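According to TrEMBL:
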| type | residues | note |
| --- | --- | --- |
| DNA_BIND | A:27-66 | DNA-binding region |
| BINDING | A:101, A:102, A:103, A:104, A:105, A:106 | NAD(+) binding site |
| DOMAIN | A:90-191 | domain 'CoA-binding' |
| REGION | A:220-286 | region 'Disordered' |
DNA sequence: CTATCTTTGTGCACGCGTTCACAAAGACAT
DNA sequence: ATGTCTTTGTGAACGCGTGCACAAAGATAG
């Protein structure tokens, strides 16, 4: 998963569709599209729910926000539902998208086929590196950052994708917004601050992995002891660690007055320059 | 956001840390790491919260689940908190990870630096294409799928990343699980079914973009009319559609008996082979 | 030692989301 | 036309997450 929403004061749902439901509509749409391709005429809420990996009651309630599109005793008409959900999501219109930061990730995104098939169209690829300019990626010539504003205006772009290093993300976001973009998908590991009315969604692999690690640790049963409860046996693992040697050593629990010089964290980082840690998007451009 | 959680019966939090809190810990950790590198000794909940992009009350409540690590009137000791959160997330130990599917995305992931600096280590890159075998990606030689089980066993891998096309995702997941993997990060646009006790997290760019499109549509105020209210003027847009011509035509609302031959969806898909629509991960491998 | 000031930790209330369970609606058979 | 059977749509209860607001805790000055 990408990671949660961002900003936007909870009272966001314009007409009444809950955010949680909106987030599931693409899931339903995907499942329905698959059924459509297999020429299945109708599905029950039960079948569709299991295909989408959700609870059938939840699915029915979700659909109830869109209207009564089902037929009792039969189920839902696949084609009709595909259309209704597409329309509700705004996928029946063309969405020109600009991708900023054509590194490894940006290139991967540009190549993504699911883009076009869902109403999205890559209007331009932008990179700050002059050496990239003109290079074709996914059949589209990369343009220099200078062209950003012009491209946005000419194509009426309202959705931008940021795949730059963290340091560039905020400036890029500012320029996108200034040029008229009102929705941003951010792959850089930074908190973007944007004016009211601009939507930001964040995707961060690093966070997803850390969440997995948390649950993994719990499963192995061996959650490290409380850190303060057993002051004598704490460091055991960390001290000897070679490759396993972990980034952080346990500082003293007592707080008052401890200057940075005493900070053990400075000794970690196996070879990365400090400051470069989260500097690149989860999926890093070259 | 990558997309929500998956499976796992809500009563998951082992000792008492809410899932929502766990999902935010990496955010705090990133902000704290940045402070640590700037040698800032302490932060208030207010400062840290704004750096992480959350509410300060929420942050304090989150930390309260970990214990009382703050000092009233002063704030939190940065180094100590970095350690505590790292430990809680399980980042003080080494997590060997295997990446399956070395396309565009898989390669981008392998290159990601934030991996290693957080306790994750790429143990192996696996691809089904024999031509890939031996090729170095990010300094690691790609291995053929046949090696999957051996690699997992030898390295004690418990976390797997799937970056294959959708069709391969489930078989790969099955093999991962059978070999001992208990946490999976899935980039393929499919619902994976896994046995109890295996965690799956999903990242799907396509879904994120669709959610953005929804809000974007709402902002433009022009939400298309109700779709059933105007039965006469329905097809208008779709029939003539060129590039903008949308994937779905509005089928009749009446349900009963409509065979697949009448299904308009077969006429869409601008050039994609049917079935290839969501076939690749959000960020597609070559 | 006392007073003041800052900041944490948390009790409480509210709202959103999920789930259950069932009545209503329609299909289908007789 | 009537009855049965399937499946939807939703009212209601519950639980989690969020945010407010404040008391308790400690630092700091006098």
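Positions of Cβ are set from backbone N, Cα and C atoms, glycine also.
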Which listed residue (A:102, A:105) has most other Cβ within 10 Å, given these are binding-site residues: A:105
Packing count at residue A:101 (NAD(+) binding site) (other Cβ atoms within 10 Å of its Cβ): 28
Per-residue Cβ crowding (10 Å cut-off), top of binding-site residues A:103, A:106: A:106
Sites among the binding-site residues A:101, A:102, A:106 close to chain B [C-beta, under 8 Å]: none
Averaged pLDDT, computed only over the residues in the DNA-binding region (A:27-66): 97
Secondary structure composition of the domain 'CoA-binding' (A:90-191) [DSSP: H/G/I, E/B, coil]: 38 helix, 29 strand, 35 coil
